[in-house]
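As annotated by Swiss-Prot, region 'Sulfate adenylyltransferase' applies to 1-461. For 25-240, the entry in Swiss-Prot reads domain 'tr-type G'. Positions annotated as region 'G1' by Swiss-Prot: 34-41. The GTP binding site feature in Swiss-Prot is assigned to 34-41, 113-117, 168-171; the stated evidence is similarity to another entry. Feature annotation from Swiss-Prot assigns region 'G2' to 92-96. The region 'G3' annotation in Swiss-Prot covers 113-116 and is backed by similarity to another entry. The region 'G4' annotation in Swiss-Prot covers 168-171. Residues or ranges marked as region 'Adenylyl-sulfate kinase' by Swiss-Prot: 462-646. The annotation active site, phosphoserine intermediate is assigned in Swiss-Prot to Ser544 on the grounds of similarity to another entry.
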Amino acid sequence: MRHIMAKSLAPTDGVRDYLAAQEKKSLLRFLTCGSVDDGKSTLIGRLLSDTKQIFEDQLAALERDSRKHGTTGDDIDFALLVDGLEAEREQGITIDVAYRFFATPKRKFIVADTPGHEQYTRNMATGASTADLAIVLIDARQGVLRQTRRHSIIASLLGIRHIVLAVNKIDLVGFDQAVFERITESYRQFSRDLGFQTIVPIPMSARYGDNVTSRSESMEWYSGPTLIEHLETVSVEEAVVELPFRFPVQYVNRPNLDFRGFAGTVASGSVAPGDEVVVAKSGKSSRVKRIVSYGGDLAQAAAGQAVTLVLDDEVEISRGNMLVSPAARPQVADQFAANIVWFDEHALLPGRSYILRTETDQTSATVTDLKYRINVNDFAHEAAKSLEMNEVGICNISTRSPIAFDTFAENRTTGAFILIDRITNATVGAGMILHSLRRAENIHWQSLDVGKRVRADMKHQRPAVFWFTGLSGSGKSTIANLFEKKLFATGRHTYILDGDNVRHGLNRDLGFTEADRVENIRRVAEVARLMADAGLIVIVSFISPFSAERRMARELMADGEFVEVFVDTPFEECARRDPKGLYARALNGEIKNFTGVDSPYEAPEKPEIHLKTLGRSAEEMVDALEHWLNERDIAQPPPADNGGSI
């Protein structure tokens with residue numbers, strides 16, 4: 001019985017032949033984009049229908065859904081094939097990115113249907129990130145619109161170099177050649193600086209199928225290809241096989257003591273047994289001994305193939321490393337310039353710390369300079385202090401540790417990255433690396449003989465940063481001042497960084513916007529780190545309202561060195577105390593961006609020390625702090641490290 005079942009489940013010769021034929025076809029990834037209601041989903045539905053990709057039960061369901069949700073009268077509404085969300089069907093719009101696979105005898109396709117509404121531009125950018133070609137739809141009645149320009153500019157920024165200009169709904173203007181030519185010329189004028197290699201204009205009616213897969217009888221004046229003819233024949237390959245070899249290591253394959261290989265997918269270029277390879281960041285080299293695949297050893301592996309590489313030598317390599325060609329290595333730097341498309345409802349702020357993830361690396365990163373925002377309607381450069389959702393900007397980025405990369409123009413796989421919010425773990429932005437910053441390559445750490453351990457030994461204490469956070473009027477400065485006096489009286493070496501005092505000097509140029517608050521804390525955290533490196537016990541007393549910046553400050557310090565102290569006083573009590581009269585003015589609207597009133601305060605979730613002040617004196621708070629300090633032997637010299645040799 002088991003033998004019969006296995007035999008019945010085995011692929012037939014016909015299936016094998018079909019699969020073999022599919023493997024030989026090239027794959028084209030493309031997306032549809034343009035303004036809302038230009039017919040993007042309808043076009044994809046028409047393509048799927050005319051290329052026989054719809055089963056009978058799907059067609060029956062489509063006819064039923066068209067009667068319920070359709071916008072085409074008694075005709076089938078092909079847009080419903082790809083608008084799967086209930087909200088999309090109810091509103092007749094696309095919200096999320098929908099991917100569909102289909103094939104013709106000549107080629108395989110993966111198409112991304114992207115939304116047209118401006119508030120979903122980030123979804124469109126997601127679809128464009130892997131596409132080779134973009135179909136930009138334009139309603140023949142409307143011409144080139146704001147969102148048409150926006151999507152075209154984003155497609156250009158994301159490396160798409162081939163455009164099909166689909167002038168849709170041509171039937172609604174009487175198949176007028178003059179309308180088609182006017183729109184074509186308008187789009188060419190707009191896009192002349194966007195770097196597109198090809199722009200192929202095609203007049204069509206997605207609803208009725210004119211010039212989609214069959215030539216229109218109503219447009220004898222048009223002699224160009226139908227849409228499917230162009231998609232089947234367009235050459236978009238960027239010769240990734242001819243690019244320098246890049247192999248991001250996904251994991252170390254070690255099934256037994258006698259085998260050690262490095263598994264991953266070849267991102268670009270090719271490799272063969274005997275080829276020399278280099279670990280991108282360490283510079284260690286070896287040679288490829290074997291290329292192992294599921295079907296056996298290979299004589300060569302090229303871009304797109306998932307393989308395991310076995311090397312001649314026992315080179316230290318782990319997940320996240322990248323094997324590369326020694327003749328054309330990627331750049332390794334901790335500072336670079338990049339295009340960023342912002343996805344999140346909370347703005348990108350220079351100075352705020354994010355997690356940056358590339359094909360190979362993950363590290364902390366900060367936008368050190370927002371150079372300008374790109375107006376995606378006319379490509380103009382605009383001054384900006386932040387990037388809001390769906391905006392695009394050019395930024396300088398600094399990473400905590402060096403990463404290996406190519407520019408996005410050279411390699412779309414190793415030149416791209418995403419930014420992740422440290423608190424929510426949400427992907428908040430996507431970036432394309434433009435170039436490394438020369439100053440990053442020319443600045444090196446100077447080796448110094450006197451280090452943190454030596455300085456701390458001399459003071460007979462362990463460095464620490466006590467970071468006091470809480471609302472204005474919570475008692476931070478009072479408690480911090482008493483705490484320093486008690487430490488100083490016992491012979492400890494201390495320094496207080498107070499929020500108000502620092503704004504008279506180091507941060508006098510900053511205001512109280514969210515962006516300025518982020519920069520305020522970034523500067524203070526760097527100063528606190530330097531003071532801890534000097535062996536001091538640093539007491540920082542700042543409202544520091546945002547969790548992300550407090551986490552950034554923590555990561556600057558050595559393990560166990562950062563002590564978050566939450567001075568927890570209810571808002572009502574702080575407003576009652578109001579020692580500086582600020583709450584009264586803020587509640588009257590005289591002060592803007594006041595924490596707790598019209599600017600948020602994100603309370604610590606797990607502070608090392610939680611001081612609940614209501615009904616307790618400042619002296620009691622200091623006693624609790626000192627008890628915590630003594631329990632952890634902060635007064636004792638730190639353990640030996642490599643921080644100094646004297």
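Here the Cβ of each residue, glycine as well, is placed from N, Cα and C on the backbone.
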Measuring Cα to Cα, how far is Asp37 (GTP binding site) from Ser544 (active site, phosphoserine intermediate) in Å?
46
Using DSSP with the three-state reduction, classify the residue listed as 'active site, phosphoserine intermediate' as helix, strand or coil.
coil
The region 'G4' (168-171) - residue tally per DSSP class, helix then strand then coil
2 helix, 1 strand, 1 coil
What's the CA-CA gap between Thr114 (GTP binding site) and Ser544 (active site, phosphoserine intermediate) in angstrom, rounded?
39
CB neighbours within 10 A of Asp37 (GTP binding site), counting all protein chains shown, number 19
Does DSSP put Lys40 (GTP binding site) in a helix, in a strand, or in coil?
helix
Nearest of the binding-site residues (Gly34, Lys40, Ile170) to the residue listed as 'active site, phosphoserine intermediate', judged by Cα-Cα distance:
Gly34
In three-state terms from DSSP, label Thr114 (GTP binding site) for me.
coil
To what whole number does the mean pLDDT across the domain 'tr-type G' (25-240) round?
79
